[in-house]
Amino acid sequence: MDILDKLRGGVIMDVTNPEQAKIAENAGAVAVMALERIPADIRAAGGVSRMSDPKMIKEIIKAVKIPVMAKVRIGHFVEASILEAIGIDFIDESEVLSPADEVYHVDKNKFKVPFVCGARNLGEALRRIQEGAKMIRTKGEAGTGDVIQAVKHMRQIQSEMRQLTCLREDELYVAAKNFQVPYALVEYVHKHGKLPVPNFSAGGVATPADAALMVHLGADGVFVGSGIFKSGDPAKRAAAIVKAVKNYDNPAILAEVSENLGPAMVGINEEEIKVIMSERGV
């Protein structure tokens with residue numbers, strides 16, 4: 001079983017130290033994202049956000065048996081090479097960090113370690129896959145606790161894929177031109193009705209119900225960032241979100257796991273956001 005098979009259908013959690021990583025692992029997370037500050041703190045602090053300290057990442061790698069991911073800035077292939085050198089399992093070329101390049105993303109085909117990238121629509125998803133991404137995630141709006149953008153992006157991608165399946169084959173060439181990707185990628189979506197890589201949800205997931213909603217909308221799994229360790233009872237909320245993803249279509253179980261979780265993260269309403277991270281890297 002390769003790493004993508006292990007991750008599919010699961011929850012990936014942001015952690016900032018080995019203790020949090022162990023909480024995530026014990027709760028049933030399929031992987032953890034190692035970073036010095038969770039997105040809510042990155043958003044609050046402002047300034048330039050960069051790759052995390054390799055020493056901290058290595059400590060988290062040692063602490064858990066599940067795969068460990070870490071973020072690099074968009075276009076920063078040197079940060080990516082550093083993470084590959086320390087043995088990271090998966091790299092997230094992330095709009096949550098300050099972009100290093102306004103034009104180019106990392107050429108992910110040159111790396112052995114797999115990459116995940118964010119997308120708001122099918123065009124962005126296919127361009128990242130062309131560059132070598134092995135997983136796509138909705139960008140959402142990280143660090144807000146507001147799921148509305150993740151919902152918007154997932155619905156957009158799913159809608160555009162459904163539209164592609166209805167096109168005549170000769171119309172696919174125009175679609176490929178519009179998406180700025182090779183014909184073969186458009187043809188794959190046309191034939192299969194899905195992306196050639198897993199499509200996870202990220203950005204604003206804060207409750208078991210949020211996580212279940214994203215799976216209903218087509219997510220192959222869920223990233224949860226600030227929603228766990230900014231909440232009142234991280235261990236209980238983490239386990240509840242894992243159970244919600246596995247039982248997304250069972251309202252009785254969802255009701256059970258949603259009880260007595262303590263306060264959710266306070267969050268930021270969409271209208272209050274000053275920095276729109278999801279607009280980075282198209």
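Including glycine, each Cβ sits where the backbone N, Cα and C put it.
Swiss-Prot lists Lys71 with the feature active site, schiff-base intermediate with D-ribose 5-phosphate, giving sequence analysis as the kind of evidence. Proximity of Lys71 (active site, schiff-base intermediate with D-ribose 5-phosphate) to non-local residues of its own chain (separation of 6 or more, Cβ distance below 8 Å) is seen for Met33, Leu35, Met51, Ser52, Ile91, Asp92, Glu93, Ser94, Val96, Leu97, given in sequence order.
Ser226 (D-ribose 5-phosphate binding site) falls within a helix when secondary structure is assigned with DSSP. The D-ribose 5-phosphate binding site annotation in Swiss-Prot covers Asp14, Gly143, Gly204, Gly225, Ser226 and is backed by sequence analysis.
Here Swiss-Prot flags Arg155 as D-glyceraldehyde 3-phosphate binding site, drawing on sequence analysis. Counting every protein chain shown, 13 other Cβ atoms lie within 10 Å of the Cβ of Arg155 (D-glyceraldehyde 3-phosphate binding site).
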Distance check, please: Cα of Ser226 (D-ribose 5-phosphate binding site) against Cα of Arg155 (D-glyceraldehyde 3-phosphate binding site), rounded to an integer number of angstrom.
23
Using the alpha carbons only, what distance in Å do you get between Arg155 (D-glyceraldehyde 3-phosphate binding site) and Gly204 (D-ribose 5-phosphate binding site) once rounded?
15
